[in-house]
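Before any comments, here is the structure.
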Amino acid sequence: MEGGAAASTPAALPYYVAFSQLLGLTLVAMTGAWLGLYRGGIAWESDLQFNAHPLCMVIGLIFLQGDALLVYRVFRNEAKRTTKVLHGLLHIFALVIALVGLVAVFDYHRKEGYADLYSLHSWCGILVFVLYFVQWLVGFSFFLFPGASFSLRSRYRPQHIFFGATIFLLSVGTALLGLKEALLFKLRDKYSAFEPEGVLANVLGLLLACFGGAVLYILTRADWKRPSQAEEQALSMDFKTLTEGDSPGSQ
């Protein structure tokens, strides 16, 4: 890069990222296998519409959200604006897919005459979706929309990082609640008899937890954070000077 050599990538980081992706892709594939083998598959205009809900939520609020959080670790030496745009786009895709999953479950309940929003899973799910949408909206306003000042972005950034990790953790927990609810609703007493579907779903739950743990571990390693590039620091100082009247040497 111009203005200085690119920072080297920590030796172990690519292996942890690759492992997280292996877990995530296996998670998505196993979710599809569970729905195909034991739940009849997915179809929008039938009683299989409900099955779109778990698949969409796993793809959107687990896999894509996790990958969006890892963007700043994976693309450590790319242009900051490019990384921001990719981070935001992955979150948009996750949000849209999750919205499809929400529509599927509410529409299915309406057609079948089931009550809505009575379980802990549903309450947590709505909370996660609302928080995720607000997080994306505020993040866009602060970091992609050009109106926010540098000092305002700097003050908000720690909150953005904290709530991003928290919402992801809540998403994993909510998915685990939903998985258990789906198993108990269908299998009931047979669940304790080690039914094949129950065993497969238990493995799916372990994959959910492991993927969440892998993503959070990568995020919390301070030595794996994206290093500040020289030109980014210069642009930040220039922007602050223009918007607040400070001099670059006032820090």
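We number each residue from 1, going along the chain as drawn.
Every residue, even glycine, has its Cβ placed from backbone N, Cα and C.
According to Swiss-Prot, the protein has these features:
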MOD_RES   M1  N-acetylmethionine
TRANSMEM  17-37  transmembrane segment
DOMAIN    19-220  domain 'Cytochrome b561'
TOPO_DOM  38-51  topological domain 'Vesicular'
TRANSMEM  52-72  transmembrane segment
BINDING   H53, D116, L117, Y118, S119, H121, E181  heme b 1 binding site
BINDING   R73, K80, H87, H160, K225  heme b 2 binding site
BINDING   K80, K84, R153  L-ascorbate binding site
TRANSMEM  86-106  transmembrane segment
TOPO_DOM  107-124  topological domain 'Vesicular'
TRANSMEM  125-145  transmembrane segment
TRANSMEM  159-179  transmembrane segment
TOPO_DOM  180-198  topological domain 'Vesicular'
TRANSMEM  199-219  transmembrane segment
MOD_RES   S247  phosphoserine
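Shown on the structure are the features that Swiss-Prot records.
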residue: H53; record: heme b 1 binding site; DSSP (3 states): helix
residue: K84; record: L-ascorbate binding site; DSSP (3 states): helix
residue: D116; record: heme b 1 binding site; DSSP (3 states): coil
residue: H121; record: heme b 1 binding site; DSSP (3 states): helix
residue: R153; record: L-ascorbate binding site; DSSP (3 states): helix
residue: H160; record: heme b 2 binding site; DSSP (3 states): helix
residue: E181; record: heme b 1 binding site; DSSP (3 states): helix
residue: K225; record: heme b 2 binding site; DSSP (3 states): coil
*Between K80 (heme b 2 binding site) and L117 (heme b 1 binding site), find the distance joining the two CA atoms and give it rounded to the nearest Å.*
40
*Measure from the CA atom of Y118 (heme b 1 binding site) to the CA atom of H87 (heme b 2 binding site) and give the result in Å, rounded to a whole number.*
34
*Once near-sequence residues are set aside, which residues in the chain of S119 (heme b 1 binding site), 6 or more away, have Cβ atoms under 8 Å from its Cβ?*
E181
*Just the number: how many Å between the Cα atoms of K84 (L-ascorbate binding site) and D116 (heme b 1 binding site)?*
37
*asked:* Sequence gap of 6 or more, Cβ distance under 8 Å: name the residues on the same chain that satisfy this around L117 (heme b 1 binding site), in order along the sequence.
replied: W123, I126
*Do you know offhand how many angstrom separate K225 (heme b 2 binding site) and H53 (heme b 1 binding site) by C-alpha?*
34
*Counting across all protein chains shown, how many other Cβ atoms sit within 10 Å of the Cβ of H53 (heme b 1 binding site)?*
24
*Starting from the Cβ centroid of K80, K84, R153, which together make up the recorded L-ascorbate site, report each further residue of the same chain whose Cβ lies within 8 Å of that point, ordered by sequence.*
R81, T83, F143, L144
_On the 0 to 100 pLDDT scale, where does the topological domain 'Vesicular' (38-51) sit on average?_
94
*Determine, using Cα-Cα distances only, which of these binding-site residues is closest to H121 (heme b 1 binding site): R73, R153, H160.*
H160
